[in-house]
Amino acid sequence: MGNVINIQPVTRIEGHARIAIHLDDDGNVSDAFLHIMSLRGFEKFIEGRPAEEVPRIVNRICGICPWMHHLASNKAVDGCFGVTPTPTGHKLRELCQIMAHINDKILHFFFLAAPDFVLGPDSDYSVRNVVGIVKEAPELATQVVKMRQLGQMMLERFAGKAIHPIAGVVGGFAKPMTEEERQGLLEDTRTLLDFALFAMDFAKNSVFPKYEDVIASLGTITTGFLGTVDDSGALRLYDGHLRLMKADGTITDFPVDQYDQYLAEHVESWTYGKMPYAKCWDEGFSMDLAAPKGVYRANTLARINVAERLSTPRAQEELEEFREKFGRPAQGTLLYHWARLIELVYACERTIELLEQDDITDKNVRAKAEPKAGRGVGAVEAPRGTLIHDYTTDEDGCIVKANMIVGTTHNIAPMNMSVKEAATSLIRGGVYDEGLLNKVEMAVRAYDP
Amino acid sequence: MGVRVAEEWLHSCSGCEIAILNIGEPLVELLGQIDFVHIPVLMDHKYYGQMGEGEELEIPEADVGIVSGGVANEEHLEVLEAMRKQCKILIALGTCATHGGLPALINSWGMEEGIKNSYATPTTDKCQVPTDVVPKPLDRVYAVDEKVKVDLILPGCPPNPQLIAEVVTALIEGRDPVIPGKSVCDTCPTRREGKGDVSKVRRFVQNADYDPEKPIDEMRCLLEQGFMCMGPVTAAGCARRGAPSCISARVPCRGCFGPVRRDGNQMLDMMNALASNGIDFKSVVDRRSLLRFSGAHGLLRPINKKSGK
């Protein structure tokens, strides 16, 4: 066997991964792998813990999307203890979840992904980062830093902590919202909506047109998609039912608590990352680029593909324009960025909608809960994909067994495929350079892992 | 040229890196005074050369090294040793790096058991645990100072962005950073009335008793309300708007800044705190989770096979 190109670590992503591109004797790509290098074992060490404590343990699975784990976990504990959150408790949770989406999208698009587009994929690695953007486009950079900070501080002001939150509790929420808090959040969210609309226009006018070929082809594969929708088929991030869509557009809807009937996880010996696949398609699992089996994708592009519509006006306009251009389902891997900005608009609009509801300041934020034996499955749409927590408790309300399917894992098989596709089409006859290897990484970054 | 900074994350969640970003606008100014030479979350410097041609893991020389996360596999150890070798001053950032943090809860079973369990969940196809290419796990999760010499620790889960900025600014200015040395209770404005009539600890399945329209200093101490609040045995540092951050959300402290004294034991200290308040420590369900943020340094270890349920 020939040579192995080792890209280690994969950078401007969250977590530990390595890309290995295997070349044959002619210098062409024989295979390529995305190796996930770390595993912590949360499912084991929450065993024995009082279930009501778990939402403030599992938030540490991810420091970028701790609210997602916190809230999926709270829902699972609600299920174990058989309690339904009060209407306002429910809304405050969704509000925080949606606000967390706003920050996440600004972070990912501008801090992690944008250097490839603003400075160019071939620019020197020492400047191809957010510090480089600060130097190249100081006004934009300052604005971006301000807006992300505004979003983080909104959460922190209202809920105590933005990173590793604590305010979601079994039965609802730990504190009600005062009128003063509501007015402050509304004002800030309107600022963020303006920024989101600016970001959308900026990307459509100044970023994407420069990279049309790359966006159309880089790392592009053909798969199904998974997301969450309401009964009318509109996108939901906080709750709803799950929807799997095949590449040909065929749809399967199922309730969250039956996830284990529809999804399974494949394991390869060369990565710690598990690879969820659609068991219900009855075709097994294969990452063959020409004929993948069972592989679907999650995260922004998947969600806007499976949804019939977006429930807020500006985001819906953007979706219509997107569909006009790219069809449904759209398969272009770099379109994840485009979809991410559409979701940013949605998240800002949805936050305003929730804050404008009269009962958002109701004092009754938490239903009474008693520890007991039971099982609960909680899911939310995390920025990186559908997040599922499934717990079983004993009679003391302590965790006996836990299963989690984390957002990013849905895309592990697709990321492997996109890496292989990108490497195969870019590297010929052993010729490659730094910019080209960075383009292979861009195929991973699109998924925001 | 500014102060050269290298940053790495080990057995971590990236919350510490987000906390660095949460410095906010002052960060833009700081970026003018420092040069990042290596920080995987933001920058594309590679371990084995930019074309992957190198044989040995390489991190550039730096004046200041920042490491988040504990040490749980061979790659973490290799990266940490390279950081120590290349950085004049090494900072352990966040409670995982300083005390093991939440992932060290696995030390009650060991890393191997935790990994094995992940591949045996009901939705996972029957399989072997991955061992090709991926780094081999260590026996347990270690704090950074169990493996290399550390010059400065800054705990917190996440650490307080203002304190991160203070440490970096102090290093740029060549002075000692000002870091709080007290307990969470010392920074908590809630109303204490002396010993209460609480004899048992209540689980947090209902909200504390308080008037949401009134400021936090009119709420009674949560420990005196009978909730487990680890304020007495936890290092201060989280307070940002006049109250410890969890208390500001009317939620009890769970100890995420680690022990008040660097080598303290939060479980033993909390037992003492409860006893001195006349509260029966046996009423605490799952006492070992009082070490949920500080289980490294050999504090959490497998008791026996049965404890793993």
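Glycine too: its Cβ is placed from the backbone N, Cα and C atoms.
Small disclaimer: the values here were computed from a predicted structure and weren't measured.
As written in TrEMBL, here are the features:
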BINDING   A:E43, A:C62, A:M404  Mg(2+) binding site
BINDING   A:C65  Fe cation binding site
BINDING   A:C65  Ni(2+) binding site
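TrEMBL feature annotations superimposed on the structure.
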| residue | record | DSSP (3 states) |
| --- | --- | --- |
| A:E43 | Mg(2+) binding site | helix |
| A:C62 | Mg(2+) binding site | coil |
| A:M404 | Mg(2+) binding site | strand |
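Proximity to chain B (Cβ-Cβ distance under 8 Å) holds for the following binding-site residues out of A:E43, A:C62, A:C65: A:E43, A:C62. Same-chain residues with CB within 8 A of the center of the A:E43, A:C62, A:M404 CB atoms, the Mg(2+) site residues themselves not counted, are A:F42, A:V58, A:I61, A:H69, A:H389, A:V406. Same-chain residues at least 6 positions away in sequence with a Cβ under 8 Å from that of the residue listed as 'Fe cation binding site' are, in sequence order, A:A100, A:D104, A:A382, A:P383, A:R384, A:G407.
In this structure, of the binding-site residues A:C62, A:M404, the smallest number of CB atoms within 10 A of the CB marks A:M404. Within 10 Å of the Cβ of A:E43 (Mg(2+) binding site) there are 21 other Cβ atoms, across all protein chains.
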